[in-house]
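Since the structure comes first, as structure tokens, the remarks are kept for the end.
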């Protein structure tokens, strides 16, 4: 029989005591508050402390750069080219006015100088593309002690380097294991809890348990990211029979919203761990999952969603109409499918604070595992969520116009740029229709003016 030496026995006892204390702290300060939806304010105190450290680090970096005559990189948040919102016709009029004696009103025919407008627009797009820069991480003006968030990261002083190294140790040796443990706890409870609830007969008791199991598990997962979320106008939260639409920055958008509300998810059936979670969730709650072969069938998808929202006893559907993740600076084109159904739409604006960690998922650059590792080694995820008043489609507008109206409201509330471009341009080439639209506008300007003049 193997006997432990006194020193080995002491180490085992200390390890056992440490694990017991750690589990007790997790239970008392994280898991139990998550169950009841309360907070002790520890995360907000942690956030305020980080802000003071970031401010000191940024000032020290700027002072060190000034001493060494280094030019600090300053990101251009509004682009490097000043652009005025003028129309094609107005700009060509200005070009003709400055370079030719012929005005557009008097001479509707083609002028060689017109090509300068298209050349300038092309050069502006190459130098300052407002689309592709929405698919890269937002550059910070201040330094948050994460080397991946600021181009100015370099050796400045011993104190700053020691502080950065201490931050690495805290994030990777303390926060990362703690967050992985919490994420494992939240996902395990979600699978086990929803599976058990699924065996209960349908009724109010099952719905009550299902709601609180979902909320509890999502709140634990939120704490696994040290997420600090501020919800505004909760009186406008989505209700049964409606559709909740939000701008999309990250896969964790789902967790952010589901930790404050009870939603029916929409998505494709997956295999592996995700498939296990989906099968467990659908037992307890009527989520809408599609087989891979069904996803591209627009009529089938619309039919399933319509059937769901027409039943006012079913949960509101959570949808991200952009169809892809956009860095948290803008909102891109909303797909019209969810706006054709005729249900009440509950817009939600989500805005992340990149000072503590960049929530944007660049799916063309990072896989899901790498992305989650970056999330769990950030300082925190801080965001604000605004519930906007419900909106319905008006009698004189089509689905596209309704989608644009909802998108504009979300962009305005979240302080985001409202873009008409399709987020699918992240992986696809520009459609010929966009180029043809410019040709059509120019042709209409020339031919249309000529026809009007002939009639007169």
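For all residues, glycine too, the Cβ spot is worked out from N, Cα and C.
Unlike curated records, TrEMBL annotations are generated automatically.
Note that the structure is a prediction, hence the values are computed from the model and not measured.
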Would you please say which range out of 92-113, 114-135, 180-201 has the annotation transmembrane segment in TrEMBL?
180-201
By DSSP assignment, list the helix, strand and coil residue numbers for the domain 'Phospholipid/glycerol acyltransferase' (242-353), in that order.
35 helix, 26 strand, 51 coil
Residues outside the transmembrane segment (180-201) whose C-beta sits under 8 Å from one of its C-beta atoms, at least 6 past its ends, are 26, 30-31, 209-210, 213-214, 216-218, 220-221, 223-224, 273, 276-277, 280-281, 283-285, 376
Averaging pLDDT over all residues of the domain 'Phospholipid/glycerol acyltransferase' (242-353) gives 83
